[in-house]
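Q: As annotated in TrEMBL:
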type	residues	note
TRANSMEM	A:7-27	transmembrane segment
TRANSMEM	A:33-52	transmembrane segment
TRANSMEM	A:83-103	transmembrane segment
TRANSMEM	A:110-128	transmembrane segment
TRANSMEM	A:160-179	transmembrane segment
TRANSMEM	A:207-226	transmembrane segment
TRANSMEM	A:246-271	transmembrane segment
TRANSMEM	A:283-305	transmembrane segment
Amino acid sequence: MISFGKPLKIALGLIVIAGLIIVPMNFNRYGLFILSQWAVMTIAAMGLNLTLGYAGQVSLAQGAFVGIGAYAAAVMTTHGWPLPAAIVVAIVLSFAVGWVLGYPALRVQHHYLAFVTLAFSTLAFLVFRNESWLTGGIYGISNIPRPHIFGFATNKPLPFYYVCLGSLAIVSLAVWWLIRSPWGRAFMALRENPLRAQSLGIDTRRYTLMAFAIGSALGGIAGGLYAPLTQYIDPVPFNLSLSLDLLMMVIVGGAGFYFGPFLGAMIAVLLPEWLRFTEGYYLMLYAVAVMLLLIWSPTGILGILDRYLAERRTKAASALRAVAKSRLETVQ
Amino acid sequence: MKSTLLAGALLAFATATSVHAQAIKLANVAELSGGGATVGTNWKNGIDLAIEEINAKGGVLGRKLEVSHADSQSNPGVARAQVQKALDAEPYVLLGPGYSGSVKVTAPLAAEAGIAQIMGGEAAELTQAGNKFLFRTSFGQQSSMPKVAKYIHDEMKAKTVAVVWVNNDFGRGGRDVVVKELDRLGSKVVADLSTEAGQADFAADVGKIKAANPDAVFVYLNEEESARILKELKRQGVTAPLMGETTLIGQKVIELAGDAANGARGHVGLTTDAPVDLIKAFREKFSKKYNYVPDHNGLKGYLAVYMVKATTEKMGKVDPKKFADTLHGLTIKAADEPGILMDVTFSDTGDIDRQSFLVEVVEGKQVVKQVLPKVK
């Protein structure tokens, strides 16, 4: 994205943010719910993007962390705790569990790691379902309250959408800072060549665990918002299919691109809704669209943009080279 | 004067026809994909069949019925979004969802909008939260399970009972009520076995039942799993009498289990196998239109639409605000409204009161042993 001028980028960013704040004011309740869902899923997908896109660790457990966060928030807020406190607990809990889940990643890689995390995902589902003293089992937890933020009630769809959007903004800034920090660079080094990373003095062990833990913590935040958004949770939404969905968001958006999860979540949440007019076919069309996209561009939507920009850069560079070469020749 | 009269008459005619032409809009949100796809698809097809019939006969109060279908993907979060969308379009009545969890998350929305919701969920607690807009299409487990427990205790004279259930909201809900009732009556639960939906092998579960040696076994699984466990019970030679609720003695189970189904007994609130002429006719119409035999969810969807028709005709107008009030305490007789299939009364909580049957499988056929009358 180098070819965009910096002021242009900032202007574009401001327009999008202003749009996200102003346009939904006229939305009906359904539109606001879907947009809130988009914000929540983007947060979860950003976490997976850190683990998978930046640090290169395949995880099929992100849905389980959303579940852990959702249950933490649901159990605590229905017992009278404020939501921010519940989200802090969700973060700490997902971080700790994510850290522990990172240990297998020190020993196995790629699809073996995927299987380990898949097993964890199933385990989490069984815990949500069978430990009914805590989670309400298959009946789930209902009447999850929405929070009061600075004295404002957020029961109505619009204020709660702003809660989701605000959380997304905070998480986005944090992640933006993280991937530009030495940690982010260490994550990328881990993905590109762990051996070289280690020889450069990066503690690969610690950073692998960190990548898992931070990614999982973001899943926990998303869960902590998901519970008050739907106001009812049961184990079913947090089964393996959510993990697969989140994985798809990251890959379709473009793994390893900062804006990948935003676009990926948009496609995963909004595209099926737009396709609903086709009734019985909407999920099929959605599946076909995703397949076609990945055939066309295995690196996701931002991969297309990246490819286009890279091409332009190469062209520009070779043009420069040609000029330089001809100058060189004239000099000779 | 004459021309004003004529104009007035024309105007009246015009408004009358425009009202006449305007369809009554219903919204359905159901499990059309995901784990509950069979439930939701049956429910949807039942709705479509009923609407087609009603419209062919001129509609309700001269107005046609129209329904929009939305898929909840069997996910409460999606169900909430779809119900929100349906309510934003201000339907006359909301139909669905079928899963109790999805009903729980959507019922407050419909109540807030003041729109009646006719749903398929069977969990006991749904109608116990004081929601004034929620209606069942079948017995809640709090009505059916006490009858089952009473039969096991009084008729089967079982002192010890093994309970096998499927671990989803349907199975768990039924299990909780039946265990509580058995306990109250003084029958002891000696084995309490949770199984998975779609489970293929019941050897271990049946082994545990055998070891517990109960006087009776209560089986509460989905249809296909019911057939599998019946075969396994026969194979391992379990001789204790078997009792079920709706699913165990369904036609599909009898076909799949063959001989192994003989002797199984069960309580049947609403099945397509019920020995009622109108239900048999329904089943025939349904199978002819969709090329498969419906389960009780097909019946529930069908009934939901006829509940709308009967209630609206009772009011004499299409009034979404008064709909719920009118349906509370309403008795609909099959003689007046054949679409309702069996006489039914709705309580103030939206629960249903209807005749039910105790059935035994004899040589591959359902035989009604006892007709349990309406409570009131």
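Even glycines carry a Cβ here, placed using N, Cα and C.
Unlike curated records, TrEMBL annotations are generated automatically.
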Q: Restricting to CB pairs under 8 Å, which listed stretch, A:33-52, A:160-179, A:246-271, is in contact most with the transmembrane segment (A:283-305)?
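A: By Cβ pairs under 8 Å, A:246-271 leads among A:33-52, A:160-179, A:246-271.
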Q: Tell me whether the transmembrane segment (A:246-271) sits in contact with the transmembrane segment (A:110-128), defined here as at least 3 Cβ pairs under 8 Å among residues 6 or more apart in sequence.
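A: Taking Cβ pairs at least 6 residues apart, the transmembrane segment (A:110-128) and the transmembrane segment (A:246-271) are not in contact, as fewer than 3 fall under 8 Å.
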Q: Taking pairs 6 or more apart in sequence, does the count of Cβ pairs under 8 Å between the transmembrane segment (A:7-27) and the transmembrane segment (A:160-179) hit 3 or more?
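A: Taking Cβ pairs at least 6 residues apart, the transmembrane segment (A:160-179) and the transmembrane segment (A:7-27) are in contact, with 3 or more under 8 Å.
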Q: Does the transmembrane segment (A:160-179) reach the transmembrane segment (A:33-52) with at least 3 CB pairs under 8 A, where each pair is 6 or more residues apart?
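A: When sequence-distant Cβ pairs are counted, the transmembrane segment (A:33-52) touches the transmembrane segment (A:160-179), since at least 3 lie under 8 Å.
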Q: Looking at the stretches A:83-103, A:110-128, A:207-226, which one shares the most CB pairs under 8 Å with the transmembrane segment (A:33-52)?
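A: Per the Cβ count, the answer is A:207-226.
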